[in-house]
Amino acid sequence: MRITVSGLPGSGTTSLSRYLSERYGFTMISAGEVFRQCAKEHNMELAEFGRLAEKDPAYDKMIDARQKEIAEKSDNIIVEGRLSGWMVENADLKIWLFAPISCRLDRIVFRDQIADVETAKAITLEREHCEAIRYQQYYSIDINDHSVYHLILNSEHWGVDDLGKIVAAAIDQLKKTPFAAS
C-alpha cells in the first residue's frame, strides 16, 4: 500500500506520517525533512534556502524525483511532502492535512524553536508563497487544488493519535475493498 500525506507547514504531516509508519511498519520518506536538512547543510534558514531553490529548480526537482522514484518502487510506504499527492500518482490513499494559520504557527514556533510567532509567520508565509510559485512554474501544480486527495482532514482539534485512528479506519477499509488507485 502506498500512502501520501501532504499539507502546509505545521499542519502535522510529518507527525501523522511517523505515526502511520510505526503503526503499520511502513517505510517513511519525508520531503520536508530532506529540505530542512539541505537548508541546514547550506547554513541557511528555510525561507533563504527556499529562495535559492526558487532560482535553481534542481533542488526541488532532485527531492521530488527521488521521492517519486522510491515510492513507485516500494510497497508499504508513507510518502510525506507538499507535492507527494501529486507526484505519487499510483498511491492507494492520498491525504491532505490542514489547520488554521494560528495553529500551524504555534506548532512551527515549537518545532523550529523560533523566537516568536511574528517571526514564524513572516518565515512561513514567505516559504508558502515561494513554494506555490515554484510548484506552478515547475509542474503546473496549484497547491490549493486538493482534487487529487482522497481524505482531507483538519488537524487543529485532534492530536496525532486521533488523526491516526481516522486514517487507520480509511486504510482498514481500503484493505477490505481493494481498488485501482486513482
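Just so you know, glycine gets a Cβ as well, placed from its N, Cα and C.
There are 20 other CB atoms within 10 A of the CB of SER15 (ATP binding site), with all protein chains counted. The ATP binding site annotation in Swiss-Prot covers GLY7, LEU8, PRO9, GLY10, SER11, GLY12, THR13, THR14, SER15, and the record cites sequence analysis as its basis.
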Which residues in the same chain, at least 6 apart in sequence, have a Cβ under 8 Å from the Cβ of GLY7 (ATP binding site)? THR13, ARG82, TRP96, LEU97, PHE98, ALA99, SER155
What other residues of this chain sit with their CB within 8 A of the center of the CB atoms of GLY7, LEU8, PRO9, GLY10, SER11, GLY12, THR13, THR14, SER15, the recorded ATP site? LEU16, GLY32, LEU97, ALA99, ARG104, ARG107, SER155
All chains considered, the count of other Cβ atoms within 10 Å of the Cβ of SER11 (ATP binding site) is 24
